[in-house]
């Protein structure tokens, strides 16, 4: 019984000692990896726990060299610390406490690519030790990648993949990765017709440069494609990417269709234009082309382009290009339809219209065209062109002399700028003369001054114009100018006394006259110098008023003669040495006869209103 109790006590003691040893176990914890850019400073932390006094802990730092050989770079026993000499880290490491119990930090400055090693932290207590390991990873950002495309023409007829271009990225660490893209779609070697080549170069700095070449069997669609490279590289804590510029390639591919084009490009062609027909394939291989027209004569051109100068409507038709591919000897063709639009000269009904005053003027203007037209009528003068109406028909009511003149119909094609034609219509309005200068003018002039007279007359037929004075003298006409507006007559007169000049116009429908009265300047009478100031015009009246005044004066003279005769018969007039008899035996319908006797003769003189001497038989 005693032996059994002793054995149980020993077993319990062993279990107690084992439990106490597990509780008192030394532990070391470290990060799996620490990342840093080349040239920077990094820290590797070693954390440990122990039930013993930390001051009795010994610390050792190693790095693992090739072949898994350890190299001591630092150790600390009690309070004595030492950096191992003649190692790659001798001058670049320090070991410090963070101030937190159970933590020690190895600091490495000016990190190099060669420092990408595994570091070991060993913690030793009095009777045991534990280790922790951390791998140091070093990074370097590569230079910006470059891309170069081939400069040669690549044919779609090549049987094997052709080189498209090459990408290169230099001085990165770890090795950068290159991915090719075509229009934002990645290319892989597993794709049909794609071949990728990669090569890596270690620079003297131990940095890595990568080159990639893209080979691809090109297609026609590649002519517009954009190729570029994407470079991905590692940095502490992740990855980054950058892209090259875009390149395109020159792809040679045969034509499958032919397009016949007209130059210069126009929506509509009109007669008189010069055009050029040329053949264009949808490929870029050389073509030999000829052109012929589908018509009765089969017009043809052995080589393109075909030049057509001053085209007419007869040049309209179907034109066909027949082309041979120089590379493949294949023959293809294409057609186009050419339409030459035309606008014929307008036909104006009644190019010369003669109407009476008050009548209606109506005329039509029509032009044959391949397109819709627009017609506008204008009244045309020497100085301007006034729009009268729109439409084919010109209609003017209640014609007057103002209606007379030249009218132009302008026919345009709104769809084609500059395509227009025109015709004219002459309108004459029948009627008696109408003198535009409808006024009586009194002008002061100098003695013997020569004055030019002008008279503008409207009417149809064109009136004849003469110049006369009040005493019946005919003035010489110096010039006459006939136009659509009428006739312009000019005369000149030298003024030696007060004078009245008449412009007389007449045609088969009537007559009209206008007077201009000149008065000699009494201040400068007798001088031949022209007046310092322009002739002064006063109020103007019509020629009809002048004629009425003259008739009234003649009637007054006749009445005065009758009164004198009556008084003589009654004996109311006396005291004269001679005798005068005033008799009225006979007179014409329109004449007033006056008998006048002198003091020494009995002879009677009969005078008429018009100043003519009457025969003796009528006394």
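Cβ atoms are placed via backbone N, Cα and C, with glycine included.
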Of the residue ranges 521-544, 545-568, 569-592, the one that TrEMBL records as transmembrane segment: 545-568
Counts by DSSP class (helix H/G/I, strand E/B, coil) across the domain 'Ig-like' (346-426): 0 helix, 46 strand, 35 coil
The domain 'Ig-like' (433-519): DSSP-derived helix, strand, coil residue counts: 0 helix, 64 strand, 23 coil
